[in-house]
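**Q** My questions will all concern the structure given below.
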Amino acid sequence: MDTCGIYNSDNEEFSQENDGENDGGDKIIKNLPFASYDERLNSFQNWPIQLLPSKEQLSRAGFIYLNIGDQVQCFYCDLKLKEWKRSDNPFEEHKKHTQDLKINCLFVKSIEFDNFVKNHSESCFQNPITNNINQDLDHNQDLDHNQDLDQNSTTSDCDVLTCKICFTNKITKVLIPCGHSSCYECVFKLQTCPICKNNFIKINNLFI
């Protein structure tokens with residue numbers, strides 16, 4: 001694995017000293033090409049099929065194909081990598097090289113937080129407290145009505161935690177200053193808040 005240069009290396013947006021952690025969120029760069037997964041995946045139409053990692057893995061890690069050998073570039077921080085090996089994990093390589101080069105890639109940080117949330121939280125429908133309640137209700141037919149109410153409440157909770165843009169992912173980002181939420185994928189495609197239509201300049205992690 002090797003880097004092949006980065007753009008905007010002198011841009012304060014990408015310096016660790018200006019990552020916004022001390023002033024209520026990370027400043028986000030908007031209106032970037034290839035902000036969506038599908039757009040990035042389409043850039044790999046000429047990706048040699050025999051090469052690994054796959055174009056899907058690279059796209060999910062934020063990369064687009066430059067149509068030169070196996071060179072790819074992050075849509076957000078412009079990090080460029082080449083000379084991929086079969087054992088390489090695109091996201092881990094992205095994370096490693098941005099850390100080594102002291103690039104503050106908000107896309108990498110967003111995926112890392114989303115992975116943390118997935119690894120440390122139970123599914124809405126597999127909450128251990130809810131499961132225990134449901135088990136107790138199964139043994140008591142007189143409480144069937146309460147069981148239905150509990151299940152409806154659980155479903156409602158899941159709806160609240162679902163991104164209202166894609167209706168697929170869990171919300172993990174807060175738009176600043178309006179306070180509305182988004183998932184880690186949709187936030188990079190937004191120009192204004194889709195709920196209140198106001199502009200936002202930063203995002204922050206949402207702990208639920």
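These residue numbers are counts, starting from 1, taken along the chain as shown.
Cβ coordinates are placed from backbone N, Cα and C, and glycine is handled just like the others.
Per Swiss-Prot, region 'Disordered' is recorded for 1-25. Feature annotation from Swiss-Prot assigns compositional bias 'Acidic residues' to 10-23. Under the heading repeat 'BIR', Swiss-Prot lists 37-108. What Swiss-Prot records for CYS74, CYS77, HIS94, CYS105 is Zn(2+) binding site. The repeat '1' annotation in Swiss-Prot covers 134-139. The feature repeat '2' is assigned by Swiss-Prot to 140-145. The repeat '3' annotation in Swiss-Prot covers 146-151. Per Swiss-Prot, the feature zinc finger maps to 163-197; the stated evidence is sequence analysis.
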**Q** Could you give the residue numbers and ranges of same-chain residues that sit at least 6 residues beyond the zinc finger (163-197) on either side and whose C-beta is under 8 angstroms from one of its C-beta atoms?
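**A** Distant Cβ neighbours of the zinc finger (163-197) are 24-25, 28, 30-32, 35-37, 76, 107, 110-111, 113-114, 117-118, 203-206, 208.
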**Q** List the residues in the vicinity of the Zn(2+) site, defined as same-chain residues other than CYS74, CYS77, HIS94, CYS105 with C-beta within 8 angstroms of the site's C-beta centre.
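**A** Everything else in range on the chain: GLY62, TYR76, ASP78, LEU79, HIS97, THR98, ILE103, PHE107, VAL108.
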**Q** According to DSSP, which kind of secondary structure is HIS94 (Zn(2+) binding site) found in, if we only use helix, strand and coil?
**A** helix
**Q** Over the span of the repeat 'BIR' (37-108), count residues by DSSP class, listing helix, strand and coil in order.
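**A** Its residues fall into 26 helix, 10 strand, 36 coil.
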**Q** Across all the protein chains here, work out how many other Cβ atoms are within 10 Å of the Cβ of CYS77 (Zn(2+) binding site).
**A** 26
**Q** So what sits near HIS94 (Zn(2+) binding site) in its own chain, CB-to-CB under 8 Å and at least six residues off in sequence?
**A** ALA61, GLY62, PHE63, CYS74, LEU79, LEU81, CYS105, VAL108
**Q** Using a 10 Å radius around its CB, how many other CB atoms surround CYS105 (Zn(2+) binding site)?
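**A** For CYS105 (Zn(2+) binding site), the count of other Cβ atoms within 10 Å is 23.
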**Q** Give the number of CB atoms, excluding that of CYS74 (Zn(2+) binding site) itself, located within 10 Å of its CB.
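**A** So the Cβ neighbour count for CYS74 (Zn(2+) binding site) comes to 24.
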**Q** Helix, strand, coil residue numbers for the zinc finger (163-197) per DSSP?
**A** 4 helix, 7 strand, 24 coil
